Amino acid sequence: MKKAFSDHLLDWSGRLLVLLILIFIALPFIVVFIVSFNDSSVVEFPPKHWSLRWYFNAFSYEDFVKGLRNSLMVAAVGSAISLIVGAMFAFVFNRYEFSIRRPLHAILMSPLIVPNFTIGLGALLLAKGIFVPRSFGLLVLVHVMVTLPFVVRGVSVSLQNFNQAYERAAESLGASPWYILITLTMPLLLPGLISGWLFAAVLSFNEFSASLFVANLRNQTLPIAMYNYVREYADPTLAALAVLYVVTSAAVLTVLHVFFRLEKVLNVE
Amino acid sequence: MWWSVDLFVVKTMSKRPFLGLFASPATLVAISIVAALLAIFQYSLRAYVPGSLRPGGFTIENFAVLWKPMFRKAFLTTFLLCFWTALLTLLAGFPLAYAMVRSKSSLVRGGILITSLTPMFLGEVIRTYSWMIVLGKQGIINVCLLRLGVISEPISLMFTTTGVVIALVHFTLPIVIIMIAAALSHIDWNLEKAAASLGAGRVRIFFTVTLPLATPGLVAATSTAFSWTFSAFATPQMIGGGKVQTISTLVYQVGFSSFNMPLAASLSLAGLLFTIAVLTLFNVGMRKIEKLGDC
């Protein structure tokens, strides 16, 4: 079928629009990429001399090194707890009817609406009220609160597409509930568990607002260290760090896309 | 026999293995969330004792303070930021989500998906810093406009509401794109084909078939965009630089510069009630409009 001229116009203007929006998304990262190789210690565009010194500076700045270590620790512990607690809750929420099922779900999902800065402030005031210091444990608890909704959501999607006939078959053949859970249910839920954990880990690693309220100088995370750096220095060190972030994230996403097909994980197929 | 199998299933379902064990940790987290919110509520009703971190006696003074012009202005600014961001994000996110779901080339689909998801993995600080470079006096926008002779003096988008909105749209786009794409991907494409076979043009099909079917997803995406923008802190703080005060930046300022925790608590509580009210009104309104469409 031959397309009319107006159809072609519609197609090409649509493509142009999509391209412009993609450029808008990529623009700050392109600029940051160029600026990060700028030799001058003030951010200027376009750069006159090129150098790699900001990359070396990013790796040698003590607060970033400590911040990275703290962020990795908090993200690892926080996302692991979030995954276990969230997956177990998603399981009982999707399978059973019990008295506190709905209120519990509403409270656990509330951080999607309650802003992170409010949760951070609340945790800080709570800790103060019961004389708990601003510790690593408090930071982890806050990270669990803000990442849990994403785990519950991710695992729930997998559970809704789950065919329970397999479990019934295993049960009728005499398998114990634990045996069914570990050898059948968990392997089948693996994609949901992985995507839920990944979301939790990434969100936790990047979490800023809530952490700002509950972290102290000793356990400050990388985003907080970066925020403090911008307030004190104007040089492009952070641009170098941003480039490393962008490259790593895009690489991880591409690998995930090739192996797991992200459309399926995100339910946008 | 088939009925005995069914009976068996019903019996095992009533056993509910793991219920207590699996629900308990989540209950602990839920209790912590409630306790944190109660702590805010409690502090919001306490008096501020200058020079002391301990709150004083019970009072409703804090909420009267919120009526001061500075705070009223912050509420208005926050609302406008959320409104413009949600609207612009929706307008920019829809074409991208549409192209991502409908493109025939898997390369295009993957490219759009990865480009729009990458910013989500970067966190608020990195993204805001990048926009600071773009929007600043020496930034790319100024340099280009100056070279092209559009402007003669550098304009600074830093410390302006426009600058904050641009960065907030960028911050909110990924989640909105995912939500719209999810909504679009669940639309039955055959309905559009049917409309086309009956002679409807593409523009007409889009506005009378595709868009109405996507509306619930769009409403959900708009609500999410609104609450994401409301909870944004680094962006208004770093790009607004104290000139654009939102509820989030004021909560931080009141809490950590003047150590007035009771006022910070009442401000965040009022802010939370404010978002819930706006979102509820929006959802109720949209449902009314959808119902009108059914008649």
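Keep in mind that glycine also has a Cβ here, set from the backbone N, Cα and C atoms.
According to TrEMBL, the features are:
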DOMAIN    A:68-256  domain 'ABC transmembrane type-1'
TRANSMEM  A:12-37  transmembrane segment
TRANSMEM  A:72-93  transmembrane segment
TRANSMEM  A:105-125  transmembrane segment
TRANSMEM  A:131-152  transmembrane segment
TRANSMEM  A:173-190  transmembrane segment
TRANSMEM  A:238-260  transmembrane segment
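Under the criterion of 3 or more C-beta pairs below 8 Å, with sequence separation of 6 or more, the transmembrane segment (A:238-260) and the transmembrane segment (A:12-37) qualify as touching. Contact between the transmembrane segment (A:131-152) and the transmembrane segment (A:12-37) is not supported, since fewer than 3 Cβ pairs fall under 8 Å when only residues 6 or more apart in sequence are counted.
Residues 43-47, 50-52, 54-55, 236, 239-240, 242-243, 246 of the same chain lie 6 or more positions beyond the ends of the transmembrane segment (A:12-37) yet place their CB under 8 Å from a CB of it.
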